[in-house]
2 protein chains.
Amino acid sequence: MNLKKLEFEKLIEQISTLYREKKYSQLKSILADINPTDIAVLFDEFPNEQRILLFRLLPKEEAAETFVELDGETQEALIHAFSDTELREVIDELYLDDTVDIIEEMPATIVKRILRNTDAQTRKSINTLLKYPEDSAGSIMTPEFVDLKKDNTVEDAFKRIRRTGVDKETIYTCYVTDSSRHLIGVTTVKELLLHDYGDKIEEFMETNTIFVNTHDDKEIAANFLDKYNFLALPVVDMENRLVGIITVDDAIDVLQEENTEDIQKMHAIMPNEKPYLKTGIFETWKSRITWLLFLMISATFTSMILNAFEDKLSALIVLTSFVPMLTGTSGNSGGQASAVIIRALSLKEIDFKDIFKVIWKEFRVGVLCGITLAAVNFVKIWFVDRTLLGMSAITIQVDLVISLTLIIEIIFAKMVGCVFPILAKKMKLDPAVISSPFITTVMDALSLLIYFWLATMILHI
Amino acid sequence: MNLKKLEFEKLIEQISTLYREKKYSQLKSILADINPTDIAVLFDEFPNEQRILLFRLLPKEEAAETFVELDGETQEALIHAFSDTELREVIDELYLDDTVDIIEEMPATIVKRILRNTDAQTRKSINTLLKYPEDSAGSIMTPEFVDLKKDNTVEDAFKRIRRTGVDKETIYTCYVTDSSRHLIGVTTVKELLLHDYGDKIEEFMETNTIFVNTHDDKEIAANFLDKYNFLALPVVDMENRLVGIITVDDAIDVLQEENTEDIQKMHAIMPNEKPYLKTGIFETWKSRITWLLFLMISATFTSMILNAFEDKLSALIVLTSFVPMLTGTSGNSGGQASAVIIRALSLKEIDFKDIFKVIWKEFRVGVLCGITLAAVNFVKIWFVDRTLLGMSAITIQVDLVISLTLIIEIIFAKMVGCVFPILAKKMKLDPAVISSPFITTVMDALSLLIYFWLATMILHI
C-alpha cells in the first residue's frame, strides 16, 4: 500500500475508531497489510497505551520490523511495557546490528534487561559489536552472513542457505572462507542459481574480493557499496578474518547521514544526528552558537579595517553605501567555490594532487565572473544609483573603484574558496568545516582592504 | 583487490610495462583480477589507442561492466574503434537501463549505430524508455525483471529464474503479475529458498506492494527504496501494469545526485550534473553567474538604506565599523536555519503542516542565540574595540544599539530562514533555491533598517 497523505489520515481515523470499538481482529488484519515502515510512522499519531496494544496485534516478524523503525523514545516505552517473553520474542527476530543500534540508545537498566533476555552466544556477539569505535565499519556491520567452503557444491550451498538463511540479513551474497575464517572468495545466489547442482563453489567464485577492515571509517564502507554497486560488503578483522558484513540499506543511511553532516558543517552548524523536530531547543542552540560566536568575534577585523579608514570614509561617505554589496558578492563567490570543492572532495572526484588544476580552473572562472559582474555593476551604478537614485557623490572614479574591487575580490574569493577545503583535507581536517560563513568572514576583511587600497590609489583620499 | 593509492600507481606502472613489452596474456590475467569499476578508473590514465587494446583484453562480461563505468567521452571513443560485432557484444551484455543512459549521452550517429546493432525487441524497449520524461521514475527503470504467476510453485519459479535470470539486473525480488500484467504481489528469492518446492507463490507472496508510477519523480522512487530498505522497487504505467523496476544501486546514484544539487542550490549555483574536473570553464561560469548577478543587483537595497542614513553615519562614523559584523551575523544565523529546514524538508522529516511548530522552535532558538551573542558582543565591544583598540567614539549607548540590533536581527533571521523554504515548497518551488546567499541579502537590508532605527531611537542622531 502506497501511503499518500490523505490515505494516511483516513487510516489513522479508521484505526482509532476500531480501537475505540475494540474490534481487534479487524485491526489486526488492517495492520498486517501495512508495511512496517509505515506502521512506525502511524504509531507517532497514537498515545503510548494505544501503541502497545496495536504493537501486540502485529504478527511476530512484522512486529520486530516495526520496532526497528520506531524512534528511541517509543522503543523505550514499549520495552517498559513488554513482559520478558515479549521482549525475548522481539529481540529474537531482530538482526544483530539492529539490536546493537537499539542498545546504544537505551538507558543502562533497559540494556541489562535486553542482555538478560538473549542467549549467551548472541550476548557475546553484541558485546563484541559494542566495542568497535563509533563511526567504524565494525560498528555498523552484522555478524550474520552466509559462509561457504570452497569445496561445497551448489547443492551444499543451497542446503546451507535453506537451513540457516532465515536469520541472515542478506543471503544473496555468500562468502567463502578457509578453515581459519579468512575470506578467500565471494559468490552470489544468482551465480548459484545459474550453475549446476554438482558444480563446486571454487570453480566460479570471485576471488578479487573487495572488503573493509573493522576499524575503517564507516563512510569508506558506504562509499565502496555505492561505487561497486554491491548489496553487501565483507568486513575483516586485524587478522584478516571475516567477521561481518555491511548491507546496502545501512550504507544508504550512512551516506544520507554524512550528507546531512556536510550540509550542517557547510552552514556553520555543529553536526547533530537527530531529526529536526526531535531536537530540543538547547541542543539546537548549542549546535549553532559556537560558530556564530566565533564568526562574530572574527568580524573584529572588519571593524578594525573600517575604523582605520574612518577618515577616508568621512571624506567620501558614499563609499560606505557599497560595503554590503562588495562583501556580500565576495562571500557568495567564495561560498560557491568552497561548496563545489567540498562536494567534489567528499564524492572523491578530486584530491590533493589536483590542487593546481583546481586553482587554475577557479582562477579563470573568477576572472570571467569578476569581469561580468564588474561590467554590469559599472553600468548599474552609473544609471541606477547615480542617475535614478540621485547619489550625486558618485563620480566615474568612484564607480571605477567599486567595479575594480569586484574583479579583484572575486578572483581572491574563488582562490580562497577552493584552496581552503583542499588544504583542510590535507591536514586531516574535515573540508566541510571550511563553511561558507567562514569564507565570508575572511573575504569581508580582504574585500575591504582591496576596496580602500583602490580608493586611496584612484581617488587620492 | 582493494586499490589503495600506492597499489594503484604500481598497477599503472605494471600495465604500462607489460603493454610496451607486448605481454598480452599476462596483461589479460592481471585485468581479469581487477573490479570493473577500478578498471574504469585505471583507463583514465591511458591514451585512447592503449585503452582500446586493453579493453579488448577483458573477458566479455567484465568488458560490458567496465564500459558502463567509463565517462561519455571514453565510451564514444571506444565505440568509434569498435567493429559492429564488438559493439553488438558489448550492448548484448549491458542491462537495458544502462544502454539507455549511454544512448542519451551519445551523438546521433553513434545512437544510430547502436540501434542498428540491437535486435528489434531491444530496440523497441529502448525507444519506450527514451520517451519517459527526464527525472521520471520511468527514465531510470529497467524492463528486465523476474515475473511470476500466482499459481507457480517454488519449483516453477526457480526454473524460470534459472532460464531467464542471466539477463536480469536483479533476480532477488520477483514480481507476481496477473494475465493483464497488473502487479498483484511480490516475493523474494529468500522466501522461495525457505519454502518447499511444491508450495505455491500465492500462499506466501506479499500483497501489500509498494510501487511508483512511471511518471513519478525519480527522487520519490529513490526515497522509497531508502525508506523501505528495498533492493528493487516496481514501476507501473498509467494502466497499473508492471513495466519495470528500479534497483537500489540506481537509487543511491539518484540520492547522491539530489544531494549534490541541493548543496549547489543552497550556495547559489545552478545545478550541474557533471563532475567538477569534467566541467568546462564557461559551463562553470554559467552555473555561477546568474545568482551572483541577481544577488549583486539586489544589494542595491542595502546601498539605498545606507545612503538614506548618510547624515546619521557622518554624524557618528563609528557606526559604520560594525556594519559587516551585523550583516554577517544575521546572514549566518539565517543561513543555519534555512540549511537545517531545507535538509529536513528533503528528508521528509517536516512538511507544511509543521510550519507553526518550526516557527515557534526557531523563535526560541533565535532568542537564545540573540541573547548569548549580544551579551558577549556587549562586553567585547567595550573592552576590546573601545579600550584595547581605542575606538573612543564608542559610548555605552552605541554599544547598546549594536547589541540590541544583534538580538532583534537574529530572531528575524531565524524566522526568515525557516519560513522561506517551507513557503517555497508549498508554492511547488524547490526549497533549496532559498539559498543562504539569498537569505543573507534579505537579512543585510533588514539588519541595517533595525540598526538605524535603534540608532535613531537611542542615540537621537
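Cβ from N, Cα, C; glycine included.
Keep in mind that TrEMBL annotations are predicted by a computer and have not been checked by a curator.
Record features, source TrEMBL:
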type: DOMAIN; residues: B:141-203; note: domain 'CBS'
type: DOMAIN; residues: B:205-261; note: domain 'CBS'
type: TRANSMEM; residues: B:289-309; note: transmembrane segment
type: TRANSMEM; residues: B:363-383; note: transmembrane segment
type: TRANSMEM; residues: B:389-412; note: transmembrane segment
type: TRANSMEM; residues: B:433-454; note: transmembrane segment
Hey, does the transmembrane segment (B:289-309) touch the transmembrane segment (B:363-383), meaning at least 3 C-beta pairs closer than 8 angstroms, sequence gap 6 or more? no
With a Cβ cut-off under 8 Å, give me the same-chain residues at least six positions beyond the ends of the transmembrane segment (B:289-309) that come close to it. 268-270, 323, 327, 435, 437-438, 441, 444-445, 448-449, 452
Here the mean pLDDT of the domain 'CBS' (B:205-261) is 93
Please report, as numbers and ranges, the same-chain residues at least 6 past the borders of the transmembrane segment (B:389-412) whose CB is under 8 Å from any CB of it. 316-319, 321-322, 326, 329-330, 333, 363, 366-367, 369-371, 373-375, 377-378, 381-382, 443, 446-447, 450-451, 454-455, 458-459
Per DSSP, how many helix, strand and coil residues does the domain 'CBS' (B:141-203) have? 23 helix, 18 strand, 22 coil
